[in-house]
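Taken verbatim from TrEMBL:
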| type | residues | note |
| --- | --- | --- |
| COMPBIAS | 27-42 | compositional bias 'Polar residues' |
| COMPBIAS | 48-57 | compositional bias 'Basic and acidic residues' |
| REGION | 27-57 | region 'Disordered' |
| TRANSMEM | 125-144 | transmembrane segment |
| TRANSMEM | 156-179 | transmembrane segment |
| TRANSMEM | 185-205 | transmembrane segment |
| TRANSMEM | 212-231 | transmembrane segment |
| TRANSMEM | 243-264 | transmembrane segment |
| TRANSMEM | 285-307 | transmembrane segment |
| TRANSMEM | 313-331 | transmembrane segment |
| TRANSMEM | 343-370 | transmembrane segment |
| TRANSMEM | 376-400 | transmembrane segment |
| TRANSMEM | 412-434 | transmembrane segment |
| TRANSMEM | 440-461 | transmembrane segment |
Amino acid sequence: MRDKARPSFDIRHFAESFSVLAYSKSPTMPLSPEIQRSNSSEEPVGYPRHETADPEKKSALNDLRDDESLQSPPEILTFPDGGARAWLQVVACNITNQISWGYPSSYGAYQAYYTTTLGLPSAQVSWVGSVQIFLAFGICAFSGRLVDAGYGRHAVIGGSFMAVTGTLLTSFCTKYWQIFLAQGLYTGIGMGIMFMPGIAIVGSFFKQRRTLALSIANVGTGLGSVTFPTLLNHTIPHVGNPWAVRCQALMMLVLAVIACTLLKPRLPPRKSGPILELEAFKERTYSFFAAGSFFFFLALYFSFFYINTFAQVAIGLSYTDSVALLLILNASGIPSRALAGILAGYVGAINTFIFSNGLVGVMYFAWIGVRDRPSLYALSVIFGIANGFAQGIFTPALASLTEDPQKMGVRFGMVATIVGVASFAGPPIAGAIVDGTGKYIWAQIWAGVVTFLACLFLAAARIAAVGSAWTAKVCKQCGTKHGDCHTNMFL
């Protein structure tokens with residue numbers, strides 16, 4: 001009779017009330033799957049323990065009492081969206097990006113040195129840079145799961161060690177196979193292991209400011225793509241190539257120590273779960289975005305790898321001037337990486353990614369008309385701005401497709417692996433076209449067409465998410481279009 005007199009409670013109402021308390025301080029992520037599964041129970045949470053005659057209800061109640069997610073502190077369900085600790089993670093991610101992406105983006109300096117000084121075929125040399133970039137992306141599915149399991153900082157430490165020692169080994173290489181193993185394979189694996197943790201950890205600290213935070217972190221790629229080739233360019237004439245590469249290894253070591261010191265994960269580990277979340281590909285937006293990213297990165301590194309050799313062969317620039325051209329290309333993209341996050345706050349991350357892809361495609365076709373030094377420098381500046389926008393917004397746009405920060409690593413890593421395959425195949429394809437025809441024009445046309453194809457898939461991803469209206473909004477928490485139930489953001 002005592003149980004019958006007790007007022008009836010719905011666990012769903014209690015869970016919603018609990019989440020409202022968390023909403024009052026900061027944005028929150030959706031309820032965990034364990035809490036959602038417990039919604040079917042009609043017993044209240046927090047009441048004194050008692051027996052029930054229904055075995056099924058008794059089992060469900062015991063499971064709910066033992067659920068670790070209800071015993072976790074409320075902070076885990078919230079996003080700080082600011083504060084000293086959160087912004088220090090952005091700084092740490094910026095530094096890891098300088099190593100994991102700034103260094104590979106400067107491979108054009110190595111490409112020019114290996115082809116002109118060592119006399120190696122350009123298509124063969126491009127495989128080294130392609131393998132390095134492929135592994136920097138391709139390992140992300142594995143390293144992303146490490147982050148979700150609570151080993152993000154360990155991954156950064158291990159990856160940093162491999163990147164530094166791999167660069168040091170490269171300085172002793174004199175043959176192609178040695179360069180391939182040290183710079184392409186070993187260093188690439190290290191960069192792939194250390195890249196993903198910073199992105200996932202920053203994503204766990206920010207919700208409403210996530211796009212801005214990740215865009216600022218991505219500025220590190222531009223900084224690294226300027227500092228590494230600058231160091232190489234200015235030290236080779238004085239100490240030679242081997243010691244110039246060792247100077248780069250020392251610079252990596254200093255940056256890695258700072259990043260490992262600052263990086264502090266906040267979410268509890270997700271011990272169970274598959275390495276791949278293949279269910280994500282059932283989401284049309286996610287699948288279309290993955291396809292568009294594949295085609296964009298298939299053509300992207302053609303410009304970074306070959307603008308140096310084009311400048312030397314077609315325009316007549318010296319090796320030093322050709323490296324300076326690469327610096328202009330990379331440096332002009334630094335401001336646009338940060339501006340991409342600001343622009344995305346007004347028109348959306350995916351919209352910004354589509355726009356920047358289209359601008360890059362136009363630049364590939366504009367490259368066909370370059371005949372002299374001034375036009376080449378002008379192209380490099382505009383190309384750098386467009387590439388900066390595209391690369392700066394890629395990470396925030398992809399992160400916007402994942403709401404649960406504990407799945408950020410694996411979902412981001414899957415697309416990164418797909419992108420890695422494209423980055424691996426793109427430069428050698430372009431190199432084969434150049435070597436086979438003896439002209440750059442057909443490779444430029446190929447890159448432009450592929451980039452515009454990427455725009456089509458990205459547009460399909462956006463339409464699948466919110467429809468064709470340019471100003472469409474979608475709730476980032478429950479998926480309601482044009483609603484005001486939670487935080488609304490442009491896609």
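Using the three backbone atoms N, Cα and C, a Cβ is placed for every residue, glycine included.
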_At a Cβ cut-off of 8 Å, and with pairs 6 or more apart in sequence only, do we get at least 3 pairs between the transmembrane segment (440-461) and the transmembrane segment (343-370), yes or no?_
yes
_Contact call for the transmembrane segment (243-264) and the transmembrane segment (156-179): at least 3 Cβ pairs under 8 Å, seq gap 6+_ = yes
*Do the transmembrane segment (376-400) and the transmembrane segment (125-144) share at least 3 Cβ pairs closer than 8 Å, excluding pairs fewer than 6 residues apart in sequence?*
no
_Test of understanding: applying the rule of at least three C-beta pairs under 8 Å (pairs 6 or more apart in sequence), is the transmembrane segment (212-231) touching the transmembrane segment (313-331)?_
yes
*Looking only at residues six or more beyond either end of the transmembrane segment (212-231), which have a C-beta under 8 A from one in the stretch?*
86-87, 90, 93-99, 101-103, 105-106, 108-109, 198-199, 202-203, 205-206, 244, 247-248, 251, 323, 326-327, 330-331, 333-334, 337-338, 340-342, 344-345, 388, 391-396, 399
_Winner by Cβ pairs under 8 Å against the transmembrane segment (125-144), considering only 156-179, 185-205, 285-307, 412-434_ = 412-434
_For the transmembrane segment (285-307): best-contacting stretch of 156-179, 185-205, 412-434, by Cβ pairs under 8 Å_ = 412-434
_At a C-beta cut-off of under 8 Å, are there same-chain residues at least 6 beyond the transmembrane segment (156-179) that contact it? List them, or none._
96, 99-100, 103, 114, 118, 120, 124-125, 128, 143, 186-195, 197-198, 241-243, 245-246, 248-249, 252-253, 256, 259-260, 263
*asked:* Given a Cβ distance threshold of under 8 angstroms, which distant residues of the chain, six or more beyond its ends, lie next to the transmembrane segment (185-205)?
replied: 79-81, 85-86, 89-90, 92-93, 96-97, 99-101, 103-104, 131-140, 142-144, 146-148, 152-153, 155-156, 158-167, 169-170, 213-214, 217, 256, 259, 263-267, 395, 399, 402, 405-406, 408-409, 412-413, 416, 420
